[in-house]
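Asker: According to TrEMBL, the feature region 'Disordered' maps to 1-20. TrEMBL lists 10-20 with the feature compositional bias 'Low complexity'. Residues annotated as ATP binding site in TrEMBL: Gly14, Gly16, Lys17, Thr18, Thr19, Arg99. Per TrEMBL, region 'LID' is recorded for 98-108.
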Amino acid sequence: MSDGPRVAVTGTPGTGKTTTTTLLDGPVIHLNDLIREAGLWSERDEGRGSLVADLDAVREAVGDWSGVAESHLAHHLDADRVVVLRCRPDTLERRLRERGADEAKATENAESEALDVILSEAVERHGLDSVYEVDTTDRTPADVAADIEAVVTGDRGPSAGDVEFTDYL
Ligand code: ADP
């Protein structure tokens, strides 16, 4: 058995999961790297130019994990606490374009963010008491990392539904 809570950090691509979890003290499982390196995918999504992860294989590969795991798929793992990073859709779209995403992908992710898709999935699977929503808009990665740390240490209570982006639809 491993010690400590299992903290999954999820969110729409571009919300800052990679950037912020890299600032944390402890080890972090970067699930997307694992999926790519260990071949834990079942098919290619040609339209999106991405891999479709085999979630059962991912769960088996991480096994009895602890600490922090990050990915837009992290909420599909068993976890004790789930951090959902959020970002205002127009800001998210800009972040994605700045890192080279094509127009269609940036728009699709901004719409998904406005519709609370990942938040809803996280609440459905883990329940309101295990979900910690953190708005990253107009904040620094260091501030967001401190919020994630507070979830890990138990110094922050659960919250979901405080962030509202439907105006951007
Ligand atoms: P993800 O892993 O969720 O896809 P990344 O960390 O790869 O996101 O990219 C997020 C981008 O947004 C980076 O270019 C980062 O510099 C930028 N960014 C701006 N503000 C923040 C913030 N407060 N938290 C995290 N990332 C931010």
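Cβ coordinates come from backbone N, Cα and C, glycine included.
Note that TrEMBL annotation is computational and uncurated.
Keep in mind that this is a model prediction, so the values were computed, not measured.
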Asker: For ATP, what surrounds Gly14, Gly16, Lys17, Thr18, Thr19, Arg99 with a Cβ no more than 8 Å from their Cβ centroid?
Answerer: Pro13, Thr15, Thr20, Arg95
Asker: Quick one: give me the count of other CB atoms within 10 A of the CB of Thr18 (ATP binding site).
Answerer: 17
Asker: On the 0 to 100 scale, where does the mean pLDDT of the region 'LID' (98-108) fall?
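Answerer: Across the residues of the region 'LID' (98-108) the model's pLDDT averages 95 on the 0 to 100 scale.
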Asker: For Lys17 (ATP binding site), what is the tally of other C-beta atoms lying within 10 angstroms of its C-beta?
Answerer: 29
Asker: List every residue in the same chain as Gly14 (ATP binding site), at least 6 positions away in sequence, whose Cβ is under 8 Å from its Cβ.
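Answerer: Gly14 (ATP binding site) has long-range Cβ partners Cys87, Leu92, Arg95, Leu96, Arg99, Ala101, Ala106, Asn109.
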Asker: For Gly16 (ATP binding site), which residues in the same chain are close in space, meaning a Cβ under 8 Å from its Cβ, but six or more apart along the sequence?
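Answerer: Looking at Cβ-Cβ distances below 8 Å from Gly16 (ATP binding site), excluding near sequence neighbours, one finds Leu85, Cys87, Arg95, Thr136, Pro141, Val144.
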Asker: Could you give me three numbers for the region 'Disordered' (1-20), the DSSP helix, strand and coil residue counts?
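Answerer: Going through the region 'Disordered' (1-20) residue by residue, I get 4 helix, 5 strand, 11 coil.
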Asker: Ten-angstrom check, please: count other Cβ atoms within 10 Å of the Cβ of Thr19 (ATP binding site), all chains counted.
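Answerer: A count of 17.
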